[in-house]
Amino acid sequence: LSVIKEHIEVVQMHFTTVDYVIFALLLVASAGIGLFYAFSGGRQRTTQFLMADRSMSCLPVSLSLLATFQSAVAILGAPSEVYTFGTEYWFLGCSYFLGLLIPAHVFIPVFYRLRLSSAYEYLELRFNKTVRICGTATFIFQMVIYMGVVLYAPALALNAVTGFDLWGAVLAMGLVCTLYTALGGLKAVMWTDVFQTVVMFAGQLAVIVVGTSQAGGIAEVWRKAINGSRISGLDLNPNPLERHTFWTLGVGGVFLMLALYGVNQAQVQRYLSSRTEKEAVMSCYVVFPCQQVVLCLGCLMGLVMFARYGEDSPLDKGYVTTNDQMVLYFVMDVFRDLPGLPGLFVACLFSGALSTISSAFNSLATVTMEDLIKPHFPNMTEGKATLLSKGLALGYGLVCLAMAYIASIMGSMLQAAFSIFGMVGGPLLGLFCLGMFFPWANPTGAVVGLVSGLVMAFWIGIGSFVMRMSVPTPAPALNATALPLFDNITTTVMTTTAKSTGVEALYSLSYMWYSAHNSATVVVVGLIVSLLTGPMKEKELTPGTVYPVLGTLLFFLPDRYREKLCCITPLAQKVNSYFHLFPLLFVFQYLCFQ
């Protein structure tokens with residue numbers, strides 16, 4: 001009885017009035033920013049409100065880029081990952097450099113100079129309307145699923161640990177987010193992202209400072225982490241079936257970052273909202289150190305959790321049912337005698353969710369308007385188009401609430417989110433790379449390549465799911481739920497990797513390689529089909545849609561062969577140089593553009 005009583009007392013941790021007030025202030029402030037931009041100025045009456053009037057400076061763009069995909073995925077997922085498996089996850093930071101440098105100097109110059117509103121307009125300029133619609137439909141599918149994960153998972157964790165009403169939290173987030181996105185447009189979304197980023201940093205820092213103090217200081221946290229084998233070395237194992245190694249995180253992560261920061265509409269829309277191309281490029285440079293700081297904060301929080309609980313985790317005791325609930329349990333445990341601070345962290349958590357969801361709403365409304373509606377109604381008045389755009393943002397908000405239920409079976413957020421972007425974002429990355437780097441790729445090759453990439457992605461994803469379900473799993477802990485889609489995937493993968501051969505090995509592929517594998521499938525199939533069906537010629541290309549990297553790599557070929565390969569097409573304009581900050585990279589930029 002005493003054990004049961006202790007269990008109930010530990011699990012039943014509730015918000016105080018101060019916590020509820022801080023959480024409510026976050027929602028009110030976010031809605032207030034949206035309403036301010038909805039009713040200030042005259043530009044909200046045109047569809048340019050979806051592009052923030054192309055008037056944003058570097059700082060809000062960069063912080064919005066950071067907030068868009070940081071969300072609850074990193075805040076809840078990264079610390080529990082480090083607590084369970086150690087600091088190997090930190091090597092993901094190695095992928096940030098190329099993952100942001102390539103978009104800055106390859107994708108942004110192309111997109112910005114074409115004056116696009118939707119990234120998928122590029123696909124029509126480079127290929128044709130069919131390819132554009134296929135790309136748009138794939139993006140909508142990707143983001144609708146992702147929104148469900150981001151909205152539902154933090155609400156579920158909050159409900160499990162504190163008893164906070166589950167659907168009350170889901171509805172509060174969804175409705176507030178829908179309100180300020182539909183009314184205020186991208187400018188409201190970006191400035192709320194700035195506010196929410198500050199709240200995220202404040203919440204994480206508060207947890208780390210208080211948790212470290214209670215653990216006996218940073219030196220004691222480090223000592224316990226070393227003794228518990230949570231400080232990981234450099235694992236150079238090249239096996240792609242291993243879940244996390246330097247190669248899966250540092251190299252596979254580059255393709256994931258390119259899918260996120262290079263061709264995803266939610267990020268491209270921010271680049272295109274910048275006042276100048278230079279500010280768009282510099283926003284990528286500003287994001288890089290911020291991403292490193294956020295990653296380090298997540299890893300440090302995981303180590304502080306380990307210093308407090310050691311191997312005797314709340315999950316093993318049955319206090320929580322999934323890894324994603326451990327961070328919130330830890331926060332409530334650390335702050336139980338400090339009213340207001342749990343509310344601050346929950347505000348931090350929901351700030352991440354709000355920033356991601358609002359970005360998704362805005363980008364979905366934009367691509368639907370620009371790619372699916374305007375081409376069929378070219379004479380639509382600006383007033384009707386603006387009203388319809390706001391209605392689309394509202395509609396996607398309601399779809400997001402519906403998707404929250406489906407997300408309840410997707411389990412571990414960190415892996416679920418990365419898997420979604422690898423499975424769907426990877427083929428989209430491959431489609432853009434096919435068009436941008438291979439001038440002879442034709443529309444038929446693009447469509448067949450995209451379909452092949454998606455088929456491969458879902459074949460591996462579904463096959464992996466079926467294989468995991470066929471492996472016996474241990475009995476669940478007290479109050480544990482059934483094994484969801486992505487939860488405890490690592491345990492199953494580790495038990496099957498050693499004996500996986502042939503096709504089964506694909507099902508054990510690390511989720512960090514999904515993006516690279518699927519984008520490569522699109523490029524290879526697309527090139528083969530293009531060569532078989534008649535490659536495009538240089539005169540058929542829209543100027544400015546091909547990045548001249550191939551012409552540089554094949555510099556040794558005579559001009560007549562390079563012209564036949566259609567690889568001497570330059571960018572429409574020279575790219576402004578920012579490489580004076582990086583002497584080694586200046587050489588690369590000089591070779592590409594001279």
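In case you wondered, yes, glycine gets a Cβ from its N, Cα and C as well.
For 59-78, 90-112, 133-154, 166-186, 198-219, 244-263, 284-307, 344-367, 387-410, 416-438, 445-467, 511-534 (among others), the entry in TrEMBL reads transmembrane segment.
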* Residue numbers, six or more beyond the limits of the transmembrane segment (166-186), whose CB comes under 8 Å of its CB atoms -> 27, 30-31, 33-38, 44, 49-52, 151-152, 154-156, 158-159, 192, 269-270, 273, 350, 353-354, 357-358, 361-362, 365, 390-391, 393-394, 396-398, 400-401, 404
* Asked: Of the listed stretches (133-154, 198-219, 244-263), which one yields the highest count of Cβ-Cβ distances below 8 Å with the transmembrane segment (445-467)?
  -> 133-154
* Structure fact -> In the same chain, residues at least 6 away from the ends of the transmembrane segment (344-367) whose Cβ sits under 8 Å of its Cβ atoms read 15, 19, 22-23, 25-27, 30, 50-51, 64, 67-76, 117-120, 136, 139-140, 143-144, 146-147, 150-151, 154, 158, 169, 173-174, 176-178, 180-182, 185-186, 189, 192-193, 195-197, 199-204, 206-207, 264-266, 269, 328, 331, 335, 389-390, 392-393, 396-397, 400
* Structure fact -> Sequence-distant residues near the transmembrane segment (198-219) by C-beta distance (under 8 Å, 6 or more away from its ends) are 26, 67, 70, 75, 294, 297-298, 300-301, 304-305, 307-308, 330-331, 334-335, 338, 341, 344-349, 351-352
